[in-house]
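Accompanying notes for the structure given below.
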Amino acid sequence: MKNYTELSDIEDLQQLVTEALELKKGTSTLEIGKGKTLGMLFFNPSLRTRLSTEKAGKLLGMDVMVMNAGSDSWKLEFEDGAVMDSDKAEHIKEAAAVLSQYCDIIAVRAFPDLKDKEKDEAETVLNSFKKYASVPVVNLESATGHPLQALADAITISELKKKDKPKIVLSWAPHPKALPQSVPNSFAEIIQNLDADFVITNPEGYDLNPEITKNVPVIHDQNEALKDADFVYVKNWSSYDNYGQKLSEDRKWTFSAEKLKLTNNAKVMHCLPVRRNMVIADEVLDSENSVVIQQAGNRTFAAQAVLKRILEEKVKAKDLEGNA
Ligand SMILES: NCCC[C@H](NC(=O)CCC(=O)O)C(=O)O
Ligand SMILES: NC(=O)OP(=O)(O)O
């Protein structure tokens, strides 16, 4: 693995999940990251991604540096050829090249603006780091995807599933703000690579990008979709068609104990942070069915497995260089 910016960077999902579960047993990996530095840049807030990825780096023996790029460093210009007379003091060309001298892996969180679909889909921040950095780049949630979250989700399902082909439902839920499609996009993508009976349910106007959901059935009747579900992944997202808009705050979609009764005693998942009694009701989050804490715990092992792969790839490339 050279970079981990999208799920397609994983060549063998099953093997990576197995490896993450091995790492969860506490298998020592302190040697591989020794003398290597992970640099993490956050253009947006984070609790889990920041701390679980830092922990993962340290479990591999790495040094870890974190910066809130949105507030602590110079504002970055990403436009090629820009006359830099605005509030942006530094170009990504210098910033990425300089950081590449300090870090062996650069990880970046940069949410979408949700104003201009084309601009968000171009993944300017992440792709500029990829273009101008000379070290591997890891996605800590970008404009269109959250691949570290999706890997943790796949690990969690693999730990909890009781049948080879569980029914998994991705269900939209109301939220007071317009949120990215990154988490549901990556979840939809990774589940299509697992053996599952997968359906998505959301109100009209909230269908995700069809290039991502492909042939996954989209059911606009939530109660029908939830029938016999073994896992329900609850998440809000803003409209893709009416790009970035919040079209509804319909509380009938809040995942409640009543909704849970429609399922096959489903395990309930959410990436967190979750707005209680808006997205998921207290009675569900506080029940045995909720696996959100275990899911967040698995973020460490997802990140550890990914960083380990990248470090191994670097060792392999260096060996090849040495033999040439
Ligand atoms: N990384 C996990 C989720 C991050 C983001 N949620 C949020 O911004 C929630 C903020 C709030 O509830 O105010 C999202 O949905 O992509
Ligand atoms: N799930 C997740 O990415 O959480 P944070 O936004 O807190 O990192």
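Cβ atoms here come from the backbone N, Cα and C positions, even for glycine.
Any TrEMBL annotation is an automated prediction that lacks curation.
Feature annotations, courtesy of TrEMBL:
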DOMAIN    9-159  domain 'Aspartate/ornithine carbamoyltransferase carbamoyl-P binding'
BINDING   S46, L47, R48, T49, W74, R109, H146, P147, L148, Q149, C271, L272, R299  carbamoyl phosphate binding site
BINDING   E141, H175, K235, R275  N(2)-succinyl-L-ornithine binding site
DOMAIN    182-308  domain 'Aspartate/ornithine carbamoyltransferase Asp/Orn-binding'
Length of the line joining the Cα atoms of H175 (N(2)-succinyl-L-ornithine binding site) and S46 (carbamoyl phosphate binding site), in Å: 18
Cβ under 6 Å from ligand 1: qualifying binding-site residues of R48, W74, E141, L148, C271: E141, C271
Among K235, R275 [binding-site residues], residue with fewest other Cβ within 10 Å: R275
Composition by DSSP (helix, strand, coil) of residues within the domain 'Aspartate/ornithine carbamoyltransferase Asp/Orn-binding' (182-308): 48 helix, 19 strand, 60 coil
Entries of S46, R48, K235, C271 (binding-site residues) sitting next to ligand 2, with Cβ under 6 Å as the cut-off: S46, R48, C271
Spatial neighbours of K235 (N(2)-succinyl-L-ornithine binding site) among the binding-site residues S46, R48, H146, L148, C271, R299 [C-alpha, 10 Å]: C271
Binding-site residues compared (R48, R299) - highest count of Cβ atoms within 10 Å: R299
Rounded Cα separation (Å) that holds between E141 (N(2)-succinyl-L-ornithine binding site) and W74 (carbamoyl phosphate binding site): 21
Averaged pLDDT score, the domain 'Aspartate/ornithine carbamoyltransferase Asp/Orn-binding' (182-308): 98
